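Undergrad: Sharing a structure, written as structure tokens. Questions coming.
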Amino acid sequence: MNAGDAREPAARAAGPRALPYGPAAPSGPADPPFPGGAARVYRPANAADTLTAHDRSARGDAARWEPLGMAVTPVLDLRGIDKSFGSVKVLHDIAFSAYPGEVTALVGDNGAGKTTLVKCIGGIHSPDAGEYRFEGRPVRLGSPRDAAALGIEVVHQDLALCENLDIVQNLFLGREQRRGIALDESGMEELARRTLSGLSVRTMGSVRQKISTLSGGQRQTVAIARAVLWDSKLVVLDEPAAALGVAQTQQVLEIVRRLADKGLAVVLISHNMNDVFAVSDRIAALYLGRMVAQVRTADVTHRQVVELITSGVSGDLGLRR
Amino acid sequence: MSTDLPEGKETAVKLADSDFAADRREHDVRSALLDYWGRIRAGELGALPAILGLAALIVLFFALRPNTFLSNQNIANLCTQALPIVILAMGLVFVLLLGEIDLSAGVASGVCAAVMAKLIADSGQPWYVAVISALAVGVVIGTAIGWLVAVVRIPSFVVSLAFFLGIQGITLRLIGDGGTVPVRDDFIVALANKNMPVWLGWTLAAVCAVGYAATQLLRWRRQQARNLHSRPVELVVAQSVVVAGALLLGTYLLSQDRAASPLIFLGGVPWGVPLVGVLLIVCTFVLARTPYGRHIYAVGGNAEAARRAGINVTRIRISVFIIASGFAAVSGIVAASRLNSVTPDAGGGNTLLYAVGAAVIGGTSLFGGRGKARDAVLGGLVIAIIDNGLGLLGTKAYLSFLITGIVLLFAASIDALARRRRSNTGR
């Protein structure tokens, strides 16, 4: 299997590649590979502003990308990614794209390679072969820090929050704002409030709660908020609803949708087909380390996706036998 | 509830609303007190056990020894007795915050004091050279322990136990079996034996009280102005008043004449007290208001999360052991000043247990992630009162050991039970 096999949707997805450097990203060869200098395609320069509610109404709708045929540079564009651990080849020739303003669901059975792929995206593993393009430009990630510097944030399943610290402290952990040698607590609290209310989470008087007092859904919200607090362009969520109840799952999915509506590219890993269909714009299905299809959610049915996950093929879609 | 959203999203928004709504209420005195009560019931005891313990012990020993325990002389004595414990405990708080332990801190204080005393007595060095050398020895010890713990990844318990034995050998080698190095340098002796002029004590106490109140009120005003999370102003004021009261009461007690002879005046705050005050302020600032302090709490709470957040966990780990041993050096110097000499068993015996007990009684958790610099002061006072009171009662040595051990176990049990309570109540 290769990119060519992933039929029509993949071919459509290939459309944008005709314009290797999107209209608003006039990056010359002299450009540094990491941001700072990188032009932003769909987000303002000021990270602090990106997630306010005000912002959403002002720009949110405009940032909603219209149908796939349009020339939109994928934020993330992987081609031909291989990854082996010793003699075990975990990823075979993966092609995967994530678009701004869209939720791309990454589905697959246990052991299909979802986590490995996410770790490659997040810079934890480096692929053995293949091309990693971020905002149209080829990059090489040596570490999670490189990924964060580009604007890639991964929310891992275990969330990685410090329970003895409060919400604000967790949001800014490792990237504290300071005034002189001291912490700028007021500034951080304000920004935390704005970010959380941008995610439509009411936080009056509660951003100083310790994480240990929060419910699972609230913790997930904090972890997601931490991912989008910075100038992130791509957010990868690993099973955000796995341990949550019905109501909390719905809240988290709402937040996921909001992130995409703000213009971020969101990659959502999930086992739950209802969640996937509720929130995603595209579905990418992995089967035994191969990308069997990347399709628009509207174009497939529940059953087709389940077939892709379990057998790698569904009608015209998927692996050729 | 915002109404500008489409019909279908109504439910989700309501959920989002309710999710964080639990804590959404006006903070007045009543709700803040209820909140505090709730936290205590949930196992977040803070300084409460230490304060209750202090009160109970003062009442107990006053009842048993009404003439001597609260005499002017004994209060000053108690104070200088607490100094080395408090300083040692304050350094240990940093290590305990990571959930590690430094069993060698006590004997490290001994070897640092020995180095200082030898430099003054045998080499005739001025006191500052001796003090800097002692601090350097502490830093070297801390670096070695920290490196072995953080880089080689030997459990700190084992590393510091090895250092506990080894350092005692070094001290013995330095001083010689049965030897004693006298400490006669004026500056060093003054630390624990001389007092500030009474007027200076009052001035310092007043400055500290006003400074504390001003900092608290300014922060409260800033939080109000920017509409941030803040406590009710009544509580802020009450806290400032309590702190000011404690400072002034302490100064008053220490400013009384405690000379045995009516012909001379002996009174004032011992010079070691402002030293502890400065250390307390610096440590509190570092832990609560700097990124470094924040990272210590983070590593203590969840080292993996801290690592993923880009914090250099190894560096934090090494640094806390350096701080602990550095504070141990200061503690050793103060102890040497109090005893006017350094013996080969300086810092041995129950010194370390006293310091760990002080930190834990004060509210620092042995499991990491919870604790404050002030815990060392509160817990140190408790330990000093126990030590001092048992001395006044004329308790036999074996009984003192037993009682101190039981107190340490008791404090650790409170810590463990509170922790279990916290996890049960989801805190």
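Along the chain as shown, the residues are counted starting at 1.
Placement of Cβ uses the backbone N, Cα and C atoms for every residue, glycine included.
Any TrEMBL annotation is an automated prediction that lacks curation.
The transmembrane segment annotation in TrEMBL covers B:45-63, B:75-98, B:127-150, B:157-176, B:196-214, B:235-254, B:260-288, B:318-339, B:351-369, B:376-393, B:399-418.
Structural setting of the listed features?
TA: Residues 39, 69-70, 361-363, 374-375, 378-379, 381-382, 385-386, 388-389, 392-393, 411, 414, 418 of the same chain lie 6+ residues outside the transmembrane segment (B:45-63) yet bring a C-beta within less than 8 angstroms of a C-beta in it.
Below 8 angstroms of C-beta separation, residues 72-73, 76, 79-80, 83, 86-87, 90, 93-94, 97, 190-198, 200-201, 204-205, 208, 250-251, 254, 296-297, 327, 330, 334, 337, 372-374, 376-377 of the same chain, each at least six residues beyond the ends of the transmembrane segment (B:260-288), sit close to that stretch.
Listed as Cβ neighbours of the transmembrane segment (B:351-369) (distance under 8 Å, sequence separation of 6 or more from its ends, same chain) are residues 45-50, 53, 84-86, 88-90, 92-93, 96-101, 103-107, 109-110, 164, 297, 300-301, 331, 335, 375-380, 382-383, 387, 404-405, 407-408, 411-412, 415-416, 419.
Using a Cβ-Cβ cut-off under 8 Å and counting only residues 6 or more beyond its ends in the same chain, the transmembrane segment (B:376-393) has close neighbours at 47, 50-51, 53-54, 57-58, 60-61, 64-65, 68-69, 74, 77-78, 81-82, 85-87, 89-90, 92-93, 276, 280, 354-355, 357-364, 399-400, 403-404, 407, 411.
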Undergrad: State the residues, same chain only, that lie 6 or more residues beyond the ends of the transmembrane segment (B:157-176) and have a CB under 8 A from a CB inside it; answer 'none' if no residue qualifies.
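TA: Those are 101-108, 110-111, 114-115, 118, 141, 144-145, 148-149, 342-348, 352, in sequence order.
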Undergrad: Under an 8 Å Cβ to Cβ limit, what residues of the same chain, 6 or more beyond the ends of the transmembrane segment (B:127-150), are close to it?
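TA: The answer is 100, 102, 104, 108, 111-113, 115-117, 119-120, 156, 159-160, 163, 167, 185-188, 313-315, 317-330, 332-333.
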Undergrad: With pairs fewer than 6 apart in sequence excluded, do the transmembrane segment (B:196-214) and the transmembrane segment (B:318-339) have three or more C-beta pairs that lie under 8 Å?
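TA: These two segments do not touch.
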Undergrad: Which residues, given as numbers and ranges, are at least 6 beyond the ends of the transmembrane segment (B:399-418) yet have a Cβ under 8 Å from it?
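TA: Hits for the transmembrane segment (B:399-418): 43-45, 49, 350, 353-354, 356-357, 360-361, 365-367, 379, 383, 386-387, 390-391.
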Undergrad: Would you mind listing the long-range same-chain contacts of the transmembrane segment (B:196-214), meaning Cβ under 8 Å and 6+ residues beyond its ends?
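TA: Sequence-distant neighbours of the transmembrane segment (B:196-214): 237, 240-241, 243-244, 247-248, 250-251, 254-255, 267-271, 274, 277.
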